[in-house]
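*Asks:* The structure's right below; bear with me while I get my questions together.
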Amino acid sequence: MNLQTSTNQTIGPYVIRSEIGRGSFAIVYKGKHTETNRVISIKSVLTKKLTKKLLENLESEISILKEIRHVHVVELIDCIKAGRFIHLVMEYCSLGDLSYFIRKREKFNSIPSLAWINIDHPPVYKAGLNETLVRHFTQQLASALQFLRSRSLIHRDVKPQNLLLQPPPTAAYLEEHPQFVGSPKLPMLKLADFGFARYLQTSSMAETLCGSPLYMAPEILRYEKYDAKADLWSVGAVLYEMAVGKPPFKAPNHVELLRRIQKAKDVIKFPEEAFIHPDIKTLICALLKQNPADRIDYDGFFSSIVVTTPLDDASTLTGSDIQDAVKEINIPSSSPAYITDFFPKSNPGAPAPPGGLLRQAFQAQGSSIQPSEITGRRVPHRYAQDGNTLPYTPVFPPESAPAASIFPPRLTSKQPIPMASPAKLTSDTSNKSSAYVVVDHHPIISSTQLSNESLTHEQSINGNSPSPNEGVFQGSFSPESAPVNNHAFPHTSRMQIPYMKPNAFPSNPTYIASTPVTQLRRAFEQATAHVPQSGGGARNKSALERALNVANARLNEVVVDGMTDNGNTSLPTKESNLDNNVNIIQPSLPDTGKRLLDVLESIAMKSNSVYHLAEVKLAQIIPSLSDEMKPGDTLLDRPLTPFSLVMLAKESYVLYERDIELLQVAFDGVAAFWANSEERASPDCQQAIEWFRQRYSESLEKSQFLREIIISQSAAHSLPTTKPVSASQLIYHRALDLSRNAATSELSGNDAQACLQNYRLAAHLLESLLESNFSTPDGANDSNNSVTIRNLIALITKRQELLQSKQIQANVANKVTESVAKITLAPNLA
């Protein structure tokens, strides 16, 4: 039985009725018990797609839910293993999740089955939910957390998407569940998704990075060990969103999110024009403390006025009136809280918008939802249509995901914000309803290959020493600066390097490495696949493919001064990521779709140039992570000094973070396009997005790996604090070097093709500085001046065009000469 394509099938005593949600490795169905007719939801997980980590999370979720029964926790009714599937039969929550409830709070009047809520509890002007609803949901969430605390459990992923809603309980239900708190005349909240939950003793500390960054405690974002108080920060973020209508802190990535949290210095801002009760403000401020020691504890939270004060049940509607109203709620919910990396999908034959009860109900009532009516994350203005700011929505097609992973929805995740080998991080769960990253911060092994071209690029920079950007870092944790040395990590020589095999340094004394480059290759110990050269093959290539080939297949032999190497590359080949017979931009595509792909290709070229600059610096770091030199190593293979190692790591770190920012721009553009277009994503678009997702995963994992190196090495060697390392400065100066080298080579009459490639790469690097809101540190020079950058790009482009015209003329002249020679030779032969 193929559950992924069939409905009205049976699983034990349950009948599957319709699909209500879909993720990269799980599908959620609405169903019912054949005998009792109880409506339930069935989460069907295809086990072969799960990595070891994800399977452990699933088993943990099952074991936890089997042991707990609470009125404000989603009930696990049954667990059935059938072939390749594990089916979790769970309580069905017909009102969807709290995130959509908050988002559509002003539209309840247009939905007969929900209009009763706004009769007595209208939303606050220019804020969030009605105060009574805020207190009601907070009390029910507190009840669920208090129950978990009694079982020594920490949820680790408290957010609106994991808080599901049911219609108000009946009198019979209340008699069966004396634990119920709050008002019986309001929707009932239930905590769901225990995929990241774990047992944690009061004195224990955890260190795994998981959950959704918008609601994640800063100690987790800083990779510090944390305890159950991390959930309290998440509660504060949820409480703020209920009261205000939006999260307390928003950012395009987790690094910028932490920077904004730190910049706030525990000062929580509330909208001046909205009235929010002082009791609620006080509790929010007590929960949203950066330092866990300053944060209110569980006893303080459970005894707070907001949680303990009984609600006023005064209502113009009786209990029977409410029950009559909610009887009409029969639209299936597609709440993302059931699936860790969720992407909604419409049912075949009965298309419906994703997003659960509320969004579907709007369509059922004939309500037209315009982009301007939806609040969401910022989208660059270049992607907006009709002057409206568009929401950030998950953009990853579920079918395009490789095998499973634990990594945006951004997205997932942006995330989003989607997978391959069992340990590879991807961005499928990033962008999960704008909560864009779900990762484990420990270095993870993967078979994904590093580019050999990056092994030699920039080796001319003082051998193995870092670029002369001596600067450092004073604690500003952002894409422009490296992380703070606030705690130690395990010794880096024992770390597993991302995308490398453990213990990859061979002990064979006959393996002689004469340069750091060959030592690095020895460390990688991987076979890579060739990428077709830009001139090979008669097939028509897209700009994205050409850009990738330019930046990879020729990077090593063109960009590096005085060094060539015809090694292989690890960037996705046509066989692996881009279909062999597909040209990404096809003439038959609609103009809007073609424009989208043009934008994606442009961003891909800019992102790829920054990514490889980061790869070069990472390649110089790897050989120094070995504890001792190997037989046959030369002086050039001598490890870097701790200071040089940390400086190189900082430079590589900020470049990977910049690459992540560029990739997020692409995700935002796709989200904006889909929000304003009724077109379905073409296979070409899905392939392009898949490439962005995989690159996002790689950059994120490597940046985290470098962060651990920086912290551990700085702590181990007591390195002095230096000035912040600027990604913009690194990119700017490298672009200048490339353009100067290309101009010098051109004047010397050297390889014209190599000069062209250097010009192109320099232009892409400079263009990346103009993409999105990329700020530079105070005091930055011309690299912070967009006018200067645009002028440089214009000059480089002009030089490139002149050189191309010279090449064309030279080719024509050569052909003429050859033709004349043949004509002259013909009579002689005769």
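Note that Cβ sites are derived from N, Cα and C of the backbone, with glycine treated the same way.
Okay, these came from Swiss-Prot:
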type	residues	note
ACT_SITE	D157	active site, proton acceptor
BINDING	I20, G21, R22, G23, S24, F25, A26, I27, V28, K43	ATP binding site
COMPBIAS	448-468	compositional bias 'Polar residues'
DOMAIN	14-307	domain 'Protein kinase'
MOD_RES	S346	phosphoserine
REGION	448-480	region 'Disordered'
*Asks:* If one measures from the C-alpha of V28 (ATP binding site) to the C-alpha of the residue listed as 'active site, proton acceptor', what distance in angstrom results, rounded to a whole number?
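*Replies:* About 19 Å separate the Cα atoms of these two residues.
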*Asks:* If you measure R22 (ATP binding site) to the residue listed as 'active site, proton acceptor' at Cα, how many Å is it?
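*Replies:* Approximately 19 Å lies between the Cα of R22 (ATP binding site) and that of the residue listed as 'active site, proton acceptor'.
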*Asks:* Averaging the per-residue pLDDT over the domain 'Protein kinase' (14-307), what integer do you get?
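*Replies:* Mean model confidence (pLDDT) across the domain 'Protein kinase' (14-307) is 85.
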*Asks:* What whole-number Å value do you get for the CA-CA distance of I20 (ATP binding site) and the residue listed as 'active site, proton acceptor'?
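*Replies:* Just about 22 Å between their Cα atoms.
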*Asks:* Tell me the Cα distance separating A26 (ATP binding site) from D157 (active site, proton acceptor), rounded to the nearest angstrom.
*Replies:* 18
*Asks:* Among all protein chains shown, how many Cβ atoms are found within 10 Å of the Cβ of R22 (ATP binding site), not counting that one?
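*Replies:* The answer is 22.
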